[in-house]
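Here's the structure we're looking at; comments come further down.
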Amino acid sequence: MESTLGAGIVIAEALQNQLAWLENVWLWITFLGDPKILFLFYFPAAYYASRRVGIAVLWISLITEWLNLIFKWFLFGDRPFWWVHESGYYSQAPAQVHQFPSSCETGPGSPSGHCMITGAALWPIMTALSSQVATRARSRWVRVMPSLAYCTFLLAVGLSRIFILAHFPHQVLAGLITGAVLGWLMTPRVPMERELSFYGLTALALMLGTSLIYWTLFTLGLDLSWSISLAFKWCERPEWIHVDSRPFASLSRDSGAALGLGIALHSPCYAQVRRAQLGNGQKIACLVLAMGLLGPLDWLGHPPQISLFYIFNFLKYTLWPCLVLALVPWAVHMFSAQEAPPIHSS
């Protein structure tokens, strides 16, 4: 395994030295591949284009992110930014690599969450676009464009994770394969508009299941905070370590989103706009308004105490689906109805 990890450092070193001029591009790509962006941008954008696809993106994101957390606890993968120091291989001749503000994630490294979660969650978008293109284009090359864009983007995300020393190549490959398989398996099986208890029990199962696994491993003598200690030890700047990269931050996001999805689907606002046919202008207005609400909503997720952060993060991602699915479309629909001119009979 050490030889595999050493080869990964060589690849990261080559990327940083040969493609240093693309640094801002790699940082932007790793931002676009962040699982948080799936919840905060890809989900509303997909939802306002297609209700079914948007719900699929949110559901697959929260389930896959939870699975990624469990996989990481069992696989104990190192991250390059600390392994290059901990291994001792480079004490005589230090590797010519450096960290970035997004390098210092605190969870274990295998498999890559960016690749696995994003790969799975973007699968329904890719298949929906492929179906649309297939009905309108005769050229075979045009028909494969959505699949090609999907693969190209995920490959770029994987390379960006290697570039910033967040993952080794084999962790990226594992994430890409696992994400594509999960996306393929889950897309046809996404629950649509189930009873509220289903979503509440899903959120409860995510929290209780994680707690059971955590305390079982802890009882067996496994220290699941080992990666947090290494991240604090070897990160070049303390301000680069963000609390939302901790494992339980993703759990609060996933369980909150599951509960919020159920509340949104059973809200009076959603019932009013469920069968309304919003025009393209109204859909764009919904997306712009939802993105505008991100600022005050994001403020909820950053209290100084770690326990309060988890609580507020849960509430934030519970509220977000309610805004996207119900409150924002309802507000736009009602405003548009008031602005529409009255119809006079002849």
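Even glycines carry a Cβ here, placed using N, Cα and C.
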Q. Per Swiss-Prot, does Ala46 fall on the same side of the membrane as Asn280?
A. yes
Q | Structural state of Arg161 (substrate binding site), classified by DSSP into three states | A | helix
Q. What residues in the same chain, six or more past the boundaries of the transmembrane segment (308-328), come closer than 8 Å to it by Cβ-Cβ distance?
A. 39-40, 43-44, 47, 54, 58, 243-244, 248-249, 252-257, 259-261, 263-265, 267, 269-270, 273, 286, 289-290, 293, 297-298, 300-302
**Q.** the topological domain 'Cytoplasmic' (187-197) - residue tally per DSSP class, helix then strand then coil
**A.** 5 helix, 0 strand, 6 coil
Q) Under a three-state reduction of DSSP output, how is His114 (active site, proton donor) classified: helix, strand, or coil? A) helix
